[in-house]
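Q: Take this structure first; my questions come after.
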Amino acid sequence: MIDYTAAGFTLLQGAHLYAPEDRGICDVLVANGKIIAVASNIPSDIVPNCTVVDLSGQILCPGFIDQHVHLIGGGGEAGPTTRTPEVALSRLTEAGVTSVVGLLGTDSISRHPESLLAKTRALNEEGISAWMLTGAYHVPSRTITGSVEKDVAIIDRVIGVKCAISDHRSAAPDVYHLANMAAESRVGGLLGGKPGVTVFHMGDSKKALQPIYDLLENCDVPISKLLPTHVNRNVPLFEQALEFARKGGTIDITSSIDEPVAPAEGIARAVQAGIPLARVTLSSDGNGSQPFFDDEGNLTHIGVAGFETLLETVQVLVKDYDFSISDALRPLTSSVAGFLNLTGKGEILPGNDADLLVMTPELRIEQVYARGKLMVKDGKACVKGTFETA
């Protein structure tokens, strides 16, 4: 028999639901961190002691899934003082991020996969959903167990591996190292019931995606398990990325890169090229270092990349590129969940996790629920991380 009091039911009434598909005006019933029901009219007395939230005139959509975040900090390329700090929970939730994938960057000397794993687990305890990629720019990969395959297979939060290619900061890996790494991630994923993906940080080298094509020629890892990211950082790379997506690959556009290919422009161009939105994702590269230069190219100061560009990209897609709200949301919701095989994420459906955003008609975030818990109210975090000030 259900203990309705313990279940803590919440009924979200009257919002325009984008699940992300347009469902019109709907009610959503939530309990125990899950979506229990979605219908055009759910009576408020369907269960006793139900908290009713009137969302008339507002939009309800899935929480954002940001698959590229430097959870324990990034940077360091301009010396020790440019190492960015760990991310705070509220920076994620106030940007609408309810699920996150952490990773390392250039620095795998003073930062370690073990520390990233601890941070990932901490964020799960603080209320959102978090996973990680093992490895970093360096190849062979820095790992926890000594093996990419073991990390992915047996460590609960590890779902794949990351490396860098076509970048002066990479380890200049040859095709056989890349193929072995991707194959280990793939097999580890099979053994552990994980996606087993390989994420490639893309640099500005004119080689662009050629190392990935060489990998595909020399091993049998499916193209669907390989993800080039930062593909909008230069025009030739972006053009190659579109061709990669036409061949069946998925591409990741970085929201914090505003030129030469702005994120909304990149998504729009992909759609114009006939690429399904299911194979286009958007991520922030958040919490990494963000350098600023003067007119002579001198470094003036370094900030920390934020997450606001995710929502801004959605807004620009709707306002400037005539995207439906449904399609504008997909690269941050269902497309990411599909690529990473994140069961229960990315769609508002019965049985899925209650990761929900409440937005105004102008697409401003008002409330954020993560696994059914209210994390943001009136646009401000009402739940803070362990060491955040109230």
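Heads up, the Cβ atoms here are built off N, Cα and C, so glycines get one too.
So Swiss-Prot has the following annotated:
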- Asp285: active site, proton acceptor (ACT_SITE)
- His68, His70, Lys162, Asp285: Zn(2+) 1 binding site (BINDING)
- Gly75, Gly76, Glu77, Thr106, Tyr137, Arg169, Arg233, Ser289: substrate binding site (BINDING)
- Lys162, His201, His230: Zn(2+) 2 binding site (BINDING)
- Lys162: N6-carboxylysine (MOD_RES)
Q: What are the non-local neighbours of Tyr137 (substrate binding site), defined as same-chain residues 6+ apart in sequence with CB under 8 A from its CB?
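A: In sequence order, the residues whose Cβ lies under 8 Å from that of Tyr137 (substrate binding site) (at least 6 apart) are Leu104, Gly105, Thr106, Ser108, Lys162, Cys163, Ala164, Asp167, Arg169, Ser170, Ala171, His201.
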Q: Rounded to the nearest Å, what's the C-alpha distance separating His68 (Zn(2+) 1 binding site) and Gly75 (substrate binding site)? Just drop the number here, would you?
A: 14
Q: Within a 10 Å radius around the Cβ, which one of these binding-site residues has the most neighbouring Cβ atoms: Gly75, Gly76?
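A: Its Cβ has the most other Cβ atoms within 10 Å: Gly75.
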Q: Between the binding-site residues His68, Arg169, His201, whose Cβ has more other Cβ atoms within 10 Å than any of the rest?
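A: For the binding-site residues His68, Arg169, His201, the Cβ with the most other Cβ atoms within 10 Å is His68.
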Q: How many Å separate the two farthest-apart Cα atoms among the substrate-binding residues Gly75, Gly76, Glu77, Thr106, Tyr137, Arg169, Arg233, Ser289?
A: 20
Q: Below 8 Å Cβ to Cβ and six or more residues apart, same chain only. Which residues does that give for Arg233 (substrate binding site)?
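A: Expected: Met202, Gly203, Asp204, Thr254, Ile257, Pro260, Val261.
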Q: Tell me the coarse DSSP state (helix, strand, coil) of His70 (Zn(2+) 1 binding site).
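A: Looking at the DSSP assignment, His70 (Zn(2+) 1 binding site) belongs to neither helix nor strand, so coil.
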Q: Per DSSP, Lys162 (Zn(2+) 1 binding site) is which: helix, strand or coil?
A: strand
Q: If you count CB neighbours within 10 Å, which one among the recorded positions Glu77, Asp285 has the smallest count?
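A: Candidates: the recorded positions Glu77, Asp285. Fewest Cβ atoms within 10 Å: Glu77.
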Q: Hey, what's the Cβ neighbour count for Ser289 (substrate binding site) at 10 Å?
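A: Ser289 (substrate binding site) is surrounded by 20 other Cβ atoms within 10 Å.
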Q: For His230 (Zn(2+) 2 binding site) and Ser289 (substrate binding site), what Cα-Cα distance in Å is obtained after rounding to a whole number?
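A: With the alpha carbons as reference points, the distance is 15 Å.
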Q: For the residue listed as 'active site, proton acceptor', identify the closest of the binding-site residues His70, Gly75, Gly76, Glu77, judging by Cα separation.
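A: Smallest Cα separation from the residue listed as 'active site, proton acceptor' among His70, Gly75, Gly76, Glu77: His70.
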